Amino acid sequence: MYCNLLKPIKIGNLELKNRVSFAPTSMGLKLEEKIKKFSDIAKSGVALITLGDVSIRPSFHKVAISLSDEDGGMKYKKIVDEIHNSGAKVSAQLFCSDYDVNLIKDTMKMGITSHDEIKKIMNDGVKDYITNMPKEEIKNIINLFKVTALNAKKVGFDMIQIHGDRLVGSFSSSIFNNRNDEYGGTCDNRSRFASEIISSIRDEVKDIPIDYKFAIRQENPHYGNAGVLLSEVEYFVKKFESLGVNSFHVTLANHSKLEDTIPTNNHPYFKDEGCFLYLADEVKKHTNLPVCGVGKLSSPDFIESIISNNRVDMVSMSRQLLADSNWLQKVKDGRVDEIKKCCYCNKKCADALQTRSQFGCILD
């Protein structure tokens, strides 16, 4: 019944057993909790799990793991091995923050620990951080992406995803990037930072597929400040494909409110299932590479239809698989009526991260 959803697909030289993946998700879990969560999702039959926010630098968050050092590599190897043993492939979302980490550390030392206050300082400082970053630091970050990609290969990751939001997306954005050198201004210049990261990774790890998380912002109404405009998508897609990207994971750009990028059930604009697919539609116009769609996806019938109609080649879900890790197994078994459907309340997942409370799902 769901022959397209369950059909294998090849990304670069990597064959995935079906079209369903677990989206990169920050969960604030301890190592053993992460291993258990990812194992449960993998055992249900998803083809790919993308580990979100794999830092290219040491992290100051207690439960965050960096792939920049040996200790972090050993921890990631435990996760990767468990996912492989549970039947799924695994991708590392290489990530770099778009704020001055030292500034945030100093802010916290001054006693400012409120999440809202720190978030405001982070967001308010993005434009200056991007615009004034020295070229030596740009080159250093590009090298860190390359080194971390090599570490990911050594650990056993099957794919690399470049986090094209945050720092990379902010460099791509005409809102945040006001540089007047070769890294700012035109589409060609604003794509340069991402392009050099892609090229450096491709040169270092020639045999691992590169997925690009493509962040697109919307106008009228305005949502998102990082990323590129719909009118700029063609240029960026063709440029990145020419440099060796093997697939695109398409979503709304960040730096709007969290409830916009992870929309709740009562969002005024992103109400419907597949709410970000219109962004994937634009990317599909300009490439034959696999395109992964996201945004309130939960209905097997809906997902089957968008794959069969060539709107996307894959889907990536987070909240639905957190609500019911056996979603895909129930689809395979014809037990769709038994699926615990995500209600998109965000109460124990996205909201829990903001309040630093226990991550989970109200349906558990």
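FYI, residue positions are counted from 1 along the chain as it appears here.
Just so you know, glycine gets a Cβ as well, placed from its N, Cα and C.
When Swiss-Prot records Gln93, Lys296 as binding FMN, the matching candidate from Lys7, Lys206, Lys213 it lists for that site is Lys213.
For Cys349 ([4Fe-4S] cluster binding site), other Cβ atoms within 10 Å of its Cβ number 22. Straight-line distance linking the Cα atoms of Gln93 (FMN binding site) and Cys342 ([4Fe-4S] cluster binding site), rounded to a whole number, equals 24 Å. Cβ contacts within 10 Å of Cys345 ([4Fe-4S] cluster binding site), excluding its own Cβ and spanning all protein chains shown: 17.
Taking each of the recorded positions Arg166, Lys213, Lys296 in turn and counting other Cβ atoms within 10 Å of its Cβ gives the largest count for Lys213.
In this structure, the CA atom of Cys361 ([4Fe-4S] cluster binding site) is 25 Å away from the CA atom of Lys213 (FMN binding site).
Its Cβ placed at the centre, Gln93 (FMN binding site) has 23 other Cβ atoms within 10 Å.
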